[in-house]
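**Student:** Straight out of TrEMBL:
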- 4-380: domain 'Serine hydroxymethyltransferase-like' (DOMAIN)
- L117, G121, H122, L123, E240, S349, P350, F351: (6S)-5,6,7,8-tetrahydrofolate binding site (BINDING)
- H225: site 'Plays an important role in substrate specificity' (SITE)
- K226: N6-(pyridoxal phosphate)lysine (MOD_RES)
Amino acid sequence: MSSLANTDPEIAALIEKERLRQTNGLELIASENVVSKAVLETAGSILTNKYAEGYPGKRYYGGCEYYDIIENLAKDRLCKLFGAEYANVQPHSGSGANMAVYFSTINYGDKIMSMKLSEGGHLSHGSPVSFSGKMYDVVQYGVDHETEVIDYAALADMARKEKPQMIVCGASAYPREIDFKAFGEIAEDVGSSCVADIAHIAGLVATGLHNSPIDVLPFTTTTTHKTLRGPRGGAIMCREEFGQAINKAVFPGLQGGPLMHIIAAKAVCFKEALSQSYKDYCKQVVNNAQTLAATLDSEGYRLVSGGTDNHLMLLDLSDKGLTGLQAENALHDAGITVNKNTIPRETLSPFVTSGLRIGTPAVTSRGMKEEEMKAIGHFIATVLNDIENKEKIAEVRTEVEALASKFAIYAVTE
Ligand SMILES: *Cc1c(COP(=O)(O)O)cnc(C)c1O
């Protein structure tokens with residue numbers, strides 16, 4: 001019996017139930033992934049035992065000699081992966097990474113210009129329910145309501161009129177490529193700072209499948225657990241000149257001791273992401289998203305902006321008389337996990353919504369390819385076409401489990 005099962009059978013049983021849920025279902029939440037056993041092992045290691053407040057070579061605790069080497073490895077690998085000048089790998093989350101960029105660069109009450117949450121942005125980009133909306137004056141851009149993509153000319157006009165101190169680009173639910181160079185030019189034109197939040201697309205940026213903000217913007221933030229396929233956490237990359245200010249903003253500005261087991265797992269993730277097999281993986285993520293989008297399109301479902309350039313797509317269910325909430329629940333019953341999502345021109349609340357966000361990173365980590373995406377697109381359409389039909393949903397669930405059983409969670413990365 002494992003020590004966990006011995007000490008706490010209740011939690012051990014819940015972990016086993018969750019393992020089965022992950023194994024038997026299809027995970028299509030665009031922000032989720034399946035980490036390698038090496039990442040898992042590191043995140044669960046003895047490195048959790050120690051405090052290491054401070055930075056390599058300058059800690060507030062003794063006994064950090066191995067932690068210094070680990071953190072420097074993580075920083076160097078991250079800089080190599082993205083071609084960045086400077087990195088801070090301590091942020092506990094993507095939201096914290098954004099907070100540190102704001103703290104290091106602008107003042108309380110300054111103006112942030114960012115993408116609306118309802119059209120693809122993130123809570124930490126100025127939502128009134130987040131610190132970012134409470135601390136800063138926020139103006140927001142969306143997508144053009146005809147094309148459903150960002151209109152850079154309109155953005156430039158807004159920036160000239162509003163004169164923000166910080167422009168935030170990057171999104172949680174935007175299926176198209178973002179032009180970071182255009183954001184850089186707009187920010188420069190109005191004398192604003194600019195941060196690219198690549199939390200979702202980091203893996204695609206690292207492997208050249210999406211243009212990179214690193215050389216065109218002063219700050220880039222990311223999470224490490226989405227397409228990057230590492231432990232849950234955040235990171236910041238910036239120009240060398242801003243490194244010290246970023247460090248101070250992270251610690252002692254807003255965090256205490258770093259999670260060194262997670263920083264070590266980030267280092268492992270960055271090493272994996274430098275490999276050819278990870279490049280191949282990211283290419284497959286994009287190919288899979290395109291195949292799934294084309295399948296749903298041919299099944300008669302409307303895709304916001306008409307398709308996808310990255311790892312995710314947004315389905316507009318408004319012409320089907322369905323809400324995102326209904327669709328999410330029915331697909332859940334079929335063993336398919338997705339999330340309801342607002343779409344451009346949304347008329348319903350964020351708890352109901354008219355759309356679904358669907359992403360391919362996790363199923364691609366299991367080794368699924370185009371053929372499986374066609375099957376999944378068909379499963380989704382079968383459920384949504386007849387959403388009250390419990391029998392049909394149960395039939396799809398059997399097919400979902402049969403497909404999932406052929407792609408063990410750790411088969412690819414083992
Ligand atoms: C996921 C996400 C984050 C936040 O990450 P957390 O680690 O959950 O705080 C920040 N920005 C964007 C664009 C995201 O998609």
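Including glycine, each Cβ sits where the backbone N, Cα and C put it.
Note that TrEMBL annotation is computational and uncurated.
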**Student:** With the Cβ atom as the reference point and anything under 6 Å counting, tell me which of the recorded positions (L117, H122, H225, F351) are near ligand 1.
**Tutor:** H122
**Student:** Which one of these binding-site residues has the most other Cβ atoms within 10 Å of its own Cβ: L117, L123?
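**Tutor:** Of the binding-site residues L117, L123, the most buried by Cβ count within 10 Å is L117.
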**Student:** Pick the one among the recorded positions K226, E240 whose Cβ has the fewest other Cβ atoms within 10 Å in this structure.
**Tutor:** E240
**Student:** Could you check the binding-site residues G121, P350 and say which one's CB has the fewest neighbouring CB atoms inside 10 Å?
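**Tutor:** Result for the binding-site residues G121, P350: minimum number of other Cβ atoms within 10 Å at P350.
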**Student:** Please find, for L117, G121, H122, L123, E240, S349, P350, F351 as listed binding (6S)-5,6,7,8-tetrahydrofolate, the greatest distance between any two Cα atoms, in Å.
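**Tutor:** Greatest Cα separation within the listed binding residues comes to 42 Å.
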**Student:** Just to verify a number: CA distance, the residue listed as 'N6-(pyridoxal phosphate)lysine' to G121 ((6S)-5,6,7,8-tetrahydrofolate binding site), in angstrom, no decimals.
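**Tutor:** With distance taken Cα to Cα, G121 ((6S)-5,6,7,8-tetrahydrofolate binding site) is 16 Å from the residue listed as 'N6-(pyridoxal phosphate)lysine'.
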**Student:** Summarise the model's confidence over the domain 'Serine hydroxymethyltransferase-like' (4-380) as a mean pLDDT value.
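**Tutor:** Its mean pLDDT is 97.
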**Student:** Tell me the Cβ contacts of H122 ((6S)-5,6,7,8-tetrahydrofolate binding site) under 8 Å, same chain only and six or more apart in sequence, or just say none.
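**Tutor:** Long-range Cβ contacts: G94, S95, N98, M115, G170, A171, S172, D197, A199.
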**Student:** Can you tell me whether DSSP puts P350 ((6S)-5,6,7,8-tetrahydrofolate binding site) in helix, strand or coil?
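**Tutor:** In three-state terms, P350 ((6S)-5,6,7,8-tetrahydrofolate binding site) counts as coil.
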**Student:** Pop the Cα-Cα gap between H225 (site 'Plays an important role in substrate specificity') and P350 ((6S)-5,6,7,8-tetrahydrofolate binding site) into the table, whole Å please.
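**Tutor:** Counting only the Cα atoms, the answer is 24 Å.
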**Student:** Taking the Cα atoms as reference points, how far is S349 ((6S)-5,6,7,8-tetrahydrofolate binding site) from H225 (site 'Plays an important role in substrate specificity') in Å?
**Tutor:** 28
